[in-house]
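Under the heading DNA binding site, Swiss-Prot lists 143, 144, 145, 146, 147, 148, citing a curator's inference as support. What Swiss-Prot records for 153-184 is region 'Leucine-zipper'.
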């Protein structure tokens, strides 16, 4: 893998890409898996509802796409209020990665990925709204409902749009904060005597 990274870096240098880029194996695996998911969305859902559904715990072995992120301290540092604010996007990503999930699995996934305790009273209305909006399909089984992505491209575009807005906001806020720090250090407040 190191040879591939070195080859990629040298190709970037030869192409005149002027950037200090660092690669890590989990980042590349996640990016490659995401690219494969976006290119081949046919496996994300099926047209026929399943006849039998078995709970599958979210593990690194079962879902290599999220392996680098499971039990990650940075993700566990995200506040429950932020998770609740963006629960639609979180649910769409988790259901897309899984290819389908029931509510119990999604609650466990959110807890495992983010350390957040989202209540069923918060999550289930959002699943219904996503289904009503045509982003999810819901199959009713004997003891549970299974949610699948109805239109993978629409789901990806929705999440991508929200993520872009969040990144733009975060970069803008961080830039303003950096300017404030620079201005304060350049113009110290007079001390009271």
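Cβ coordinates are placed from backbone N, Cα and C, and glycine is handled just like the others.
Swiss-Prot feature annotations superimposed on the structure.
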residue	record	Cβ neighbours (10 Å)
143	DNA binding site	8
144	DNA binding site	15
145	DNA binding site	16
146	DNA binding site	18
147	DNA binding site	27
148	DNA binding site	22
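Sorting the region 'Leucine-zipper' (153-184) by DSSP state (H, G, I as helix; E, B as strand; all else coil) yields 32 helix, 0 strand, 0 coil.
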